[in-house]
Amino acid sequence: LLMSGSQCARLGGPLVRQLLDSVDSVLFDCDGVIWRGDQAIPGAARVISLLKQRGKKVFFVTNNSTKTRKMYADKLSSLGFDAAEDEVFGTAFCCAAYLRSECGLRGKVYLVGSDAMRQELEAVGIQAVGVGPDPVSGKQLDWASVPLDPEVQAVVVGFDEHFSYMKLNRAMQYLTQKDCLFVGTNRDTRLPLEGGKAVPGTGCLLQAVETAAQRQAQTVGKPSRFMFECVAQRFGLRPERCLMVGDRLDTDILLGSACGLKTLLTLTGVMVPDYYVESIADLLPALQGE
């Protein structure tokens, strides 16, 4: 039974088979859905394996910008998942794809982000400057006149553990140039950790830059439609034959709803998805023919 956008069904029994028969591709969020930290969710690897055995295309879609596709594929393999590099779509990769294919960028970018983002940008021929610490020196007038690379055509903001006042200042100075593009990986403001703890997310850094520059960034991560389009264009996916599985309503489920995908929530939240399960392992009985 396919539910409307205003209803939500507990997924189980025959409904699982009916849902799986109605889709050709399944997109999984990663952290909180197939793993927590460095531990696989029990049963998740088996679910992925059986989906593939049944001819389903499987993709891993994450807003995390701190890893390259290869780094994610390696982590998936180490946790026992059947996953290939080209099935992984993180915001580092998608941001590079957006700048190259959608913006036609040929110059450099000033990157507030990780070395993994730099690698993904360079893989498509875009040189990134600014990775690593940027300590403050001089006085305020010096900061306002900080040297700028004339080849920089975009400011890109992802997760950056070295985020600082000087990086905020450099980004602002570049963005005073009207032709300078402004792109963010995602707007997640908090990164949930084990034991109910959390740390500030990329959205906090992006909002700081937006406030300083008095400009709004274009974001590529969930719930931006570009995140799905990045996958769909490469594999010829039909939205109505896709299922988005996630644990966050404001990113995963919102992306699925915006793009016309079926949606499956693995935890709890405030927005109503089409289906929900306590754990991804709830799919096992139907996949194993039980």
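From the backbone N, Cα and C atoms, a Cβ is placed for every residue, glycine too.
Any TrEMBL annotation is an automated prediction that lacks curation.
These features come from TrEMBL:
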| type | residues | note |
| --- | --- | --- |
| ACT_SITE | ASP29 | active site, nucleophile |
| BINDING | ASP29, ASP31, ASP247 | Mg(2+) binding site |
| ACT_SITE | ASP31 | active site, proton donor |
| BINDING | LYS222 | substrate binding site |
Take the mean position of the Cβ atoms of ASP29, ASP31, ASP247, the recorded Mg(2+) site. Which other residues of that chain put their Cβ within 8 Å of it?
CYS30, GLY32, VAL33, ILE34, THR62, GLY246, ARG248, ASP252, THR266
For LYS222 (substrate binding site) and ASP247 (Mg(2+) binding site), determine the Cα separation and express it in whole Å.
12
CB within-chain contacts under 8 A for ASP29 (active site, nucleophile), separation at least 6:
VAL61, THR62, LYS222, MET244, VAL245, GLY246, ASP247, ARG248, THR251, ASP252
